[in-house]
Amino acid sequence: MGECPLRTANVAGGGTRNRDWWPNTLKLNILRQHTEATNPYDPNFDYAEAFKSLDYEGLKKDLRALMTDSQEYWPADFGHYGGLFVRMAWHSAGTYRVMDGRGGGGQGQQRFAPLNSWPDNVSLDKARRLLWPIKQKYGNKISWADLMLLTGNVALEDMGFKTFGFAGGRPDTWEADESTYWGGETTWLGNEVRYSSGNEGHKESGVIDGSESKKGHKDIHTRDLEKPVSAAHMGLIYVNPEGPDGIPDPVAAARDIRTTFSRMAMNDEETVALIAGGHTVGKTHGAAPSDNVGPEPEAAPIENQGLGWSNKHGSGKGPDTITSGLEVIWTKEPAKFTMNYLEYLFKYEWELTKSPAGANQWVAKNAEEFIPDAFDPSKKHKPRMLTTDLSLRFDPEYEKISRRFLENPEQFKDAFARAWFKLLHRDMGPRSRWLGPEVPKETLLWEDPIPTPDHPIIDGSDVDSLKKAILATGVAPSKLIQTAWASASTFRGGDKRGGANGARIRLEPQNKWEVNNPQQLAEVLKALEGVKADFEKSGKKVSIADLIVLAGVAAVEQAAGVPVPFTPGRGDATQEQTDVESFTHLEPAADAFRNYGKGTSRVTTEQIMVDRAQQLTLTAPELTVLVGGLRVLGANYDGSSHGVWTDKPGKLTNDFFVTLLDPYTSWKSVDGEVFEGTNSKSGKKLTGTRADLVFGSHSELRALAEVYGSADGQQKFTKDFVAAWDKVMNLDRFDVRRGIYDETRLKSKL
């Protein structure tokens, strides 16, 4: 029954669906995720407050006890679960991609499909099951997202490693995240979409030594991985440990590693530290061929209760475990953090061999058998390595770093501690979200640090006077709105980066982005700097970040004729606090809100629009009202008239929707991106883009447009636009949500 196609079920959710009839239609489902409808906790539940009541040290004590409390249903290798839990944490956080900010461990998504069933995550279902008694004990005070990562941290500590710290604060989600593009392949280990000459992979469940993945590319030394994915195969976290497509070539593997880890925001030193540090402990598992392994959790029968990959080889566990298909124990003390990994890497010469499952791996030449067995104390093994381990020796740059680490153990330990901390926290966002007694004091550049204002926050009367001063500068309100939007809309809900706080729009690289209209941006910033200077003559201070947002608020208020909320307290980042290379990934290729850019051969403009809206955590109604409002406010990045369908530009009217829904207007394509409209009744000519016309062509978006385009729609349109505007302006204000600022400071007279 579990394998029957959904469309054969004649109950709700079954049958042929819209996506079957029209697979290319614009999907809005990613704008309806992670809402109160799916969250079992009360609407007023605050995870941050619950975490603060957690017995943190008691939890860590319980986790340390678990490390050596081997369970019969899933015995611990070497009597210690450390290696398993390090892998669990690594594979939770390691899905992060800097290009779009998605993935990572911040939502606890390893519990859900597809991640819970990826070939690279075989046996991690058992790791989470081992954790359940502890999760059960502490309940809502610790999320799965936090617990999985903290467990990896505690595992390292219990094996003798000093970590850099840990921050909690990751609330759980309750459904599979549909917003992340993991690749276009439809088979496990396939990569024919992410690479132009890739392989189709295989449909069977199981481990990563699938035969289809070993056909190999003709261009493994030159191929380019599509953006924004970071893994070399569908269903892998990183790269194929046997080598590119199973070809045991350490140099070619290094190329894949460098691509993948750089897309995780890791440089070469961090990459070497993570691989060497992570492979210092634990082992891989490949006791027998993968045809012994049953279906993954999502395809397993109901009686398996969420567990997958049942193994018919021997006992199916312990010494008979099949996970990756590789059988490697790196060091002589796999439950202790040592320098053995790097020592052996350079001490021995390595020859290619096969695991019991038939996977490519390497064994030390002329070495004695001194590596312990995971379960039989009478057995010993020769040192073994993965192809990707040897990359750290045979890639010239990785080799330099690896040798330096070998010669400087304390440097290696510090590098691994920092890289591991970064891996676990890269998608956490601002430090104001970080919770717990182990938050490190040192500020790190990748945090995108923003100084906390060292002066009293402006009050209501200050806000009123500043708004008047801003509007008196003579800068067009549309330019003020464009600048405020440009600053705030860089926010990414995936990794909580970007946003108006910090005013990085005035710094490189954002001040050079075409979408930000650099010449106009400089004009607006100059005017606001003047307002700031005049205001501070009184002895008070205001951040330019606050002024940028306040300028937009003042302009929207003037256009709408109603008060617009404003929450002060932003700080100003410096260029030295800004990682230029990292921030380049926030530059939009297209921004429908400002009618900038266009689609590609694979992605339409409107698909990019929905993707951007999801990053801004917008609902479909919020997306609709913002686009319609920004058009009539003249927020197009280049001042074009596309979609500015109003006789009162600069006024917050519902004219965009009224005009769009006029049945007398017919449209013709100019180039597939821009369209010309003619009203047969008035003769009026219009122009619009795909980002405009989609609100009339897409049935669900049109339904929303009809609400705002109705005769009684103006009041609701204004109310909803102001609310959505305020939401975007404050997406990165986790400091306010956490009550770090005194509430009395925020009750400005607006």
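Any Cβ shown, glycine's included, is placed from N, Cα and C.
Per Swiss-Prot, the feature active site, proton acceptor maps to His91. Under the heading region 'Disordered', Swiss-Prot lists 199-218. According to Swiss-Prot, the compositional bias 'Basic and acidic residues' annotation covers 200-218. Sequence annotations record features per position, and here Swiss-Prot assigns heme b binding site to His279 based on sequence analysis.
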Three-class DSSP secondary structure - the residue listed as 'heme b binding site': coil
Cα separation, His279 (heme b binding site) to His91 (active site, proton acceptor) (Å, whole number): 13
His91 (active site, proton acceptor): secondary structure state under DSSP, collapsed to three categories: helix
